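Look at TrEMBL and you will find B:12-32, B:75-103, B:123-140, B:146-166, B:187-211, B:217-237, B:281-304 tagged as transmembrane segment. Per TrEMBL, domain 'RING-type' is recorded for B:343-381. What TrEMBL records for B:385-409, B:508-530 is region 'Disordered'. Residues or ranges marked as domain 'CUE' in TrEMBL: B:462-504. What TrEMBL lists as compositional bias 'Low complexity' is B:518-527.
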Amino acid sequence: MAGSALKRLMAEYKQLTLNPPEGIVAGPVDEENFFEWEALITGPEETCFEGGVFAAKLTFPSDYPLSPPKMKFTCDIFHPNIYSDGRVCISILHAPGDDPMGYESSAERWSPVQSVEKILLSVVSMLAEPNDESAANVDAAKTWRDNRARFNEIAHQTVRKSLGL
Amino acid sequence: MPVVLLERLPLPSLRTYVTVSVLLTSCAIYYAHLAQNVALGRISDPSSTQTNTDGAPKTPPTWPKTSEGYFYDKIAILIGEGWCVWALINMAYCCLILVGKLIQRIVFGKLRVSEQQHVKDKFLNFMFYKFIFIFGVMNVQNMDEVLLWCTWFSVLCLLHLLTQLCKDRFEYLSFSPTIPLSHHVKVLVLLAVIQTNCAFLLLLSVFVGYVYAGINIFAFMAAECILLMTKSMYVIVRYAIHLWDMNHEGVWENRAIYVYYAELIFELATLSIDFCHHLHMLLWGHIFLSMASLVICMQLRYLFHDFQRRIRRHKNYLRVVSSMEARFAMATKEELEDNNDDCAICWEGMDTARKLPCGHLFHSACLRSWLEQDTSCPTCRMNLSDPSERTTQAPVTGDINGNEPRPDAQNNDLQNQMTNHFFHFDGSRYVSWLPSFSVEVTHTQILGNGLDVNLAPIHTSQLDNMARQVQEVFPTVPLSSVVDDLRMTHSVELTIENIIEGRVTIPPAGFPSRTHQSLLTTPASATTPPPGGAVPVPMGSGSVPVLPSQGVNLLPSLGGAAMAADETRENGADLMDGHDGLNEPGARNLLLFGDSKEEPSAMYGHRFSKSAAERETMLGRRKEHMLEQARRRFASRQLSQGCVDDNSTSYASLDHQENLYPSLNVDSAIRFTSAHVPGSEASDGQQDIANSIRERAYLAAQRRMRHN
Ligand SMILES: [Zn+2]
Ligand SMILES: [Zn+2]
């Protein structure tokens, strides 16, 4: 199956290069393996993550785009929907049958028409508006809700760190 | 388990091992030489035993001799002496390992970590099972026989490992579009060599079986050979298909079918041969209730399960194919022209396509592989389970003969989801955050419980589709409310009417959106006080009452949620204050979204090089550029902020800053205007995306405002 996945990834890479969405750069870490990508995401404006550049790794399955890729931030990031090890928990990355209770409507979940670009844009909007209902990092969700100043402070540190300053 | 144990053994490095082996062998040869000289000396001149041990190697052979006889004598001495034999055997293994290593160097170069791991696992497993075979099944007592078997298996093992390497390498090479042809040629040549060797070994086994050992031994040997042959043949076939596909312009419609059937045939062949082989061992060995029979029984069970699984998956596949062909007609020429778009699954042009009832077109192959795991349209999520299947539903579901036209839709889905998860289960993918297999199985049960409160069951994707229609009319009404109402009404029109008449309950502020789980009362949400309801309900907690096993797995996170709920009750007032802050940034997004066009971020884009190296450097440069820009912006912002207050870090609650520090206000005003500076080099696509983000932010803000 890797053949069709490869073609599709190539097409996506081309599109992301020719027509990059604002604040997002993504591509294979190494041309020898098209199934591992690195993406840089700029924190959305006017949010506590503003200005940061966050690196994430995308790992594609060999039957992509039938199954969603996995996404993991390689930098520290304190966010309700990101596990402390960096894994991203958003509905678009969940396979259709993945959800045991119809908790997320399947419309928001993975389908082959989704793409790397859409994933990254969803992540940007997730950074802007955390969804603390399905918290991956309970600690972050609590801080975000109860102690916004503290959350912003941590976020600011993350931004600074992500820039290597 | 044997692997784990063996992995802890300290293995010497190859260099040490080779050195030791060479030393040992030369010692043995030296010893033989010595012994020969002594013997010869004794024969030629029994009195002069002064050709002593020290001088022996240096004494030139003075006697007349044929070199052949000399050589054979030496061999005879070597074989006669126990430790010499072992030294020679050891040397033979050393050579074998060196040969293997050499092939690996030539064909594969440096091994990747996963390949090393695979080879190691494979090797240890092979050793374990062959040990069981030799001593457990064959119960070989005679040393010579043991040696013969060992030789046989050593050669096989080498070939197995090389096949494994070829397979891994093939999979890896197929991940990249830029592989020089020589790589492929090397691997393919190696595979061909393996095939030839297998054929040779097969002949050997026929010979041995026919001449010496009888039919049973022949069967054992032949099974091993054939297994190896099928494995390497499979890699060759896959390789051929892949190479053909890569050098083939456009879409190869039937590729998926070839790949699928190649996989099916080879997998079934391997499994059945292996199964027979093990069964033969068990029956022939007469070794019931021994350790060996236990191991073989386990292996048999495992093989049988695999076989069954594969067959079931194939049935599902056939069902999907036939149902697809029956229900989704090929699109006509006009439809294809009207559509004028690429297939959304593979992003390639369509010469032929199938049309779904919703009007979306896909390649036949693409659609089939998707339908194997889901029953909705990839683009619009319309439910595609057969309505006729639904009406003809009958309790007869376990019909193995397949006489039943098709199982009903609900069972269809159930089967689909179960089989899917059974088959497409990629441990690492799900296991990381989903508790267990049972999650998938109960999915449909919960759907049943949750959805058909008193009406006919309604499929989720259908529900979502309807919900989307409603949301198009009322974007401000949260999806959760729409879905909840739809579950009652089952009709878009009725729900719309309900919304207009204000009969739809819209959750209070603080529930940002999506509260599906409110229907399935969960322990966590039950303790949630309504106004400050934004408690982090962990994923899947709603299924706790239904599914104990999952509940156990989720206990820790549940505890966390309950704690959070407690705290919420205590700090209720604080939380309410927090909400104002929560709502503010969204509203501001609406005004200030999408500026920062100050730098030409696209300056390295707009060109997609054909050369891999150039692409890589360009990507690297784009990344660097982005980081640099971000740093610069950050620094300037720090500067402008620093003159007012160094510690001001709370960006989100901007309204605070606005009131306290007017200078910041000016800053954002400037940025706001800069967003509309003409000549920002954004392409149309970028603009679209920026628009879509802005629109999303706008909707979110609108929703919040309404709640307030
Ligand atoms: Zn297609
Ligand atoms: Zn559709």
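Just so you know, glycine gets a Cβ as well, placed from its N, Cα and C.
Contacts between the transmembrane segment (B:146-166) and the transmembrane segment (B:12-32): absent, as fewer than 3 C-beta pairs lie under 8 angstroms at sequence separation of six or more. A Cβ distance under 8 Å defines the sequence-distant neighbours of the transmembrane segment (B:217-237), meaning residues of its chain 6+ beyond its ends; these are 133, 152, 156, 159-160, 163, 166-167, 170, 188, 191-192, 194-195, 198-199, 201-202, 204-206, 208-210, 262-263, 266, 269-270, 273-274, 276-277, 280-281. The list of residues near the transmembrane segment (B:75-103) in space but at least 6 beyond its ends in sequence, with Cβ under 8 angstroms from a Cβ of it, reads 14, 17-18, 21-22, 24-25, 27-29, 31-32, 35-36, 147, 154-155, 158, 161-162, 190. Taken as a whole, the domain 'CUE' (B:462-504) shows an average pLDDT of 64 in this prediction.
Residues of the same chain lying 6 or more positions beyond the ends of the transmembrane segment (B:12-32) and with a Cβ under 8 Å from any Cβ of it are 57, 74, 77-78, 81, 83-84, 87-88, 90-91, 93-94, 97-98, 101.
Summarised by DSSP class, the composition of the domain 'RING-type' (B:343-381) is 8 helix, 5 strand, 26 coil.
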